[in-house]
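Below: one structure, written as structure tokens.
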Amino acid sequence: MTFAIEIEKKHVQKSERVKALEIHPTEPWILVSLYTGTVQIWNYQSQTVEKNYQVSESPVRSAKFIAREKSIVVGSDDHFIRVYNYTTEEKTKEFKAHDDYIRSLAVHPTLPYVLSSSDDMMIKLWDWEKDWACTQIFKGHNHYVMQVAFNPKENQTFTSVSLDCTMKMWNLSSSDPILELEAHSKGINCVDFLTSDNKQYLITGSDDHTAKVWDLQNQTCVQILEGHKNNISALAMHPELPALFTGSEDGTFSVWDATNYSLLNTQISELGRIWAIGFASLEGSHMLIIGCDEGMIIGKIVCSEIPEED
């Protein structure tokens, strides 16, 4: 099947620079991390800010829902991780986690674990059932670790990407990587997993202006996605549609067919550089949320089949 994707009925929510987005699994909420040090819970049904947390005077580059704990966990440039109960809005934990900016957080889907990565070149594993004790440190990168992500198929493993141009895979039980790929010619900013035909792939986005698709089993690059004119700063695989979204510091976002990697659509954000991409559902429609220099864009994803030529 060949298909087309359009983004329609855009809502523009102006704000300070949005560095990260997270969608709540059941509530109509977007967790928005701002460069000003504020975190907001924004309701995409009512289009209003429901909760506002002045976390730090330093930028917040990552915040995640821990829905089963009714909490959010936040990492900021002041090296601290903070945890808030979003029902009571009480800060329940605050601790120094790293010796430099915290770039990324990842919440384990079932176990009481959070991963954090930092400009101190380390990745740390935190156990909230042990009062947020650090139970493992993962060393191996030699530049800023820009993103970490748990493997959705094997959640005892995770991946990390760094400005040292490498992508690494790790097991939670070992401080040494189980796989390492020299993935790009310049630093890597973002990563996501893709499953196609029962095979697992990784997508990496880089300062070399490309995204690459990696066959994990064979440890080879199977596709290079080219077209952006500046660093690829965000990417995300849609959880239901066979579509991959990339965002760039050139101010555009692109949509790619995840089955054959053809380019389906490219649009200008209108709010500057793109830093985060997320997805939600509203009234049966697929929604795209993009975080930019000047706020958020929320649009409806319209997917249509294109008849095959005879």
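Placement of Cβ uses the backbone N, Cα and C atoms for every residue, glycine included.
TrEMBL has this to say about the protein:
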- 95-127: repeat 'WD' (REPEAT)
- 138-180: repeat 'WD' (REPEAT)
- 181-224: repeat 'WD' (REPEAT)
- 225-266: repeat 'WD' (REPEAT)
Would the repeat 'WD' (138-180) and the repeat 'WD' (95-127) count as touching if the test is at least 3 Cβ pairs under 8 Å, pairs 6 or more apart?
yes
Counting only residues 6 or more past its boundaries, what in the same chain has a CB within less than 8 Å of a CB in the repeat 'WD' (225-266)?
2-7, 189-194, 196, 203, 205-207, 209-213, 272-279, 286, 288, 290-292, 301, 303
Across the repeat 'WD' (181-224), the model's average pLDDT, rounded to a whole number, is 95
Could you give me the DSSP helix, strand and coil counts for the repeat 'WD' (225-266)?
0 helix, 23 strand, 19 coil
